[in-house]
Amino acid sequence: MSPQISPSILSADFARLAEEAEAVRGADWLHVDVMDNHFVPNLTLGLPVVESLRKSTDIPIDCHLMIEDPDRWAPQYAEAGAGSVTFHVEAAAAPVRLAREIRSLGARASMALKPATPVEPYEDLLPELDMLLIMTVEPGFGGQSFLDIMLPKIRRTRQLIDRHGLQLWLQLDGGISAETIERCADAGADVFVAGSAVYGADDPAEAVRRLRELAATATDSAPWVHRH
Ligand SMILES: O=C(CO)[C@H](O)[C@H](O)COP(=O)(O)O
Ligand SMILES: [Fe+2]
């Protein structure tokens, strides 16, 4: 799959969200970070904002739920019209049931792993998912530095996906920029969240194009691509 970019509105102006969505026209997704001040030490926004954003942009919404009790809340984000709903496995009581429920409501089901959560225990769950999110910072805040120590996990996950012949997307979130995206694409990721690197740029739409181009160039020369 050619690389996709999902700008994170965590780094946007929350008082002008519709305009901020327009500023990244051409992006594949709009990444919305929902934080509850329990699962992570920060508080952002919730369902009403997602419902409003959905009506004010054509860009599909990629909801990243950093909340406790996603089993209760995640389906409501699918019902609110999010195109993709990501829950954290560390918070989910029944991840398989939850992924199936999200899918049954018409959204893509995605599961996130914090940096210290290994992928291997979840190998058998992967067919239930449309996307796996590997956090490349500790969740909670934008603008943190990319954790290079995640690269081996990204490579191992790509190998697992390929070994099982799965179509699920591999998303990274945290510290993705023009400086880091190439090594991430080379390691096997194909969906990239970028907050500060996009909304901190003079021209956010141009920043999205440049990130996509850098990832595509790195992917073209990555050995894993040719195994398909
Ligand atoms: O989930 C997140 C933080 O928990 C954000 O999506 C992420 O941090 C994006 O911001 P940046 O690209 O600036 O790191
Ligand atoms: Fe996020």
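Just so you know, glycine gets a Cβ as well, placed from its N, Cα and C.
Bear in mind that TrEMBL entries carry predicted annotations, made automatically and left uncurated.
What TrEMBL says about this protein:
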- SER8, HIS64, GLY140, PHE141, GLY142, GLY143, ASP173, GLY174, GLY175, GLY195, SER196: substrate binding site (BINDING)
- HIS31, ASP33, HIS64, ASP173: divalent metal cation binding site (BINDING)
- ASP33: active site, proton acceptor (ACT_SITE)
- ASP173: active site, proton donor (ACT_SITE)
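All features noted in TrEMBL, drawn onto the structure.
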residue : record                             : DSSP (3 states)
SER8    : substrate binding site             : strand
HIS31   : divalent metal cation binding site : strand
HIS64   : divalent metal cation binding site : strand
GLY140  : substrate binding site             : coil
ASP173  : substrate binding site             : strand
SER196  : substrate binding site             : helix
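The divalent metal cation site, placed at the center of the C-beta atoms of HIS31, ASP33, HIS64, ASP173, has further neighbours from the same chain whose C-beta lies within 8 angstroms: SER6, SER8, LEU10, VAL32, ASP62, CYS63, MET66, THR86, LEU133, VAL193, GLY195. Nearest in space to HIS64 (divalent metal cation binding site), taking C-alpha to C-alpha distance over the binding-site residues GLY142, ASP173, SER196, is ASP173. Closeness to ligand 2 is met by none of the binding-site residues GLY140, GLY142, GLY175, SER196, no Cβ falling under 6 Å from the molecule. If you check the binding-site residues GLY142, GLY175, SER196 against HIS31 (divalent metal cation binding site), none has a Cα inside 10 Å of its Cα. The Cβ of ASP173 (substrate binding site) has SER8, HIS31, HIS64, ALA112, LEU133, ILE134, MET135, THR136, VAL137, PRO139, VAL193 as same-chain neighbours under 8 Å, each 6 or more residues away in sequence. Within 8 Å of the centroid of the Cβ atoms of SER8, HIS64, GLY140, PHE141, GLY142, GLY143, ASP173, GLY174, GLY175, GLY195, SER196, where the record puts substrate, the same chain has further Cβ atoms from LEU10, SER11, ASP33, VAL137, GLN144, VAL193. A C-beta separation below 8 Å, combined with a sequence spacing of at least six in one chain, links SER196 (substrate binding site) to SER11, GLY142, GLY143, SER177. Within 10 Å of the C-beta atom of GLY175 (substrate binding site) sit 25 other C-beta atoms, taking all shown protein chains into account. Here the Cα atom of ASP33 (divalent metal cation binding site) is found 9 Å from that of GLY140 (substrate binding site).
By a simple count of nearby Cβ atoms, those within 10 Å, the most crowded of the binding-site residues SER8, HIS64, GLY140 is HIS64.
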